[in-house]
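Sequence annotations record features per position, and here TrEMBL assigns transmembrane segment to 63-88, 94-123.
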Amino acid sequence: MAGEQAFHRGGVYGGGSAVGPDYMRAIRGDDDYYGGHGQGHNQPAAVTLAKGVAAAAAAGSMLFLSALTLTGTVLALIVATPLLVIFSPVLVPAAIAVTMLTAGFVSSGAFGAAAVAVLAWMYKYLSHGSPSPMGADTVDHAGAKLDSKAHDVKNWAQHRLDQARAP
């Protein structure tokens, strides 16, 4: 189990990285890094408020996009239907109208579902006080690997420059 976890973190079998998970926790200022040992994650009220405002703004903008898309779809249908019926044969405009309606309703539903998901995440995140959103450890691991590779490339480039300058 421990070896498997080390493998997934890029440790024992994965070649390792210059920056470990403890380094990233120290940068973020997680309480567990300094000996919290699983106690609740107590954030200042301003941080919680800022997170809530940011999540509410994201959810509100997605709800606005959903409503705007639905309104645009209905208006397009209202304007396009008489023109298509009067100036075109029946089957081609019907197919175009069905395609436009489908695309509009699907995108409107997708924006609405995204807004609901953000609101649900915001509720869970703010009410349960979870220390980090789901998937944050994966993002931190990717960042650590990227940092490690950037350091390796810098060292390689410096080595090549030193070789080129040597007589």
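Every residue gets a Cβ built from N, Cα and C, even glycine.
Where the annotation comes from TrEMBL, it is an automatic prediction and has not been curated.
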Legend entry - For the transmembrane segment (63-88), sequence-distant contacts whose Cβ falls under 8 Å of one of its Cβ atoms, 6 or more beyond its ends: 94, 96-97, 100-101, 103-105, 107-109, 111-112, 114-115
Inset, instruction - Report, as numbers and ranges, which residues of the same chain sit near the transmembrane segment (94-123): CB under 8 Å and 6 or more residues beyond its ends. - result: 52, 55-56, 58-60, 62-63, 65-67, 69-70, 72-74, 76-77, 80-81, 84, 133
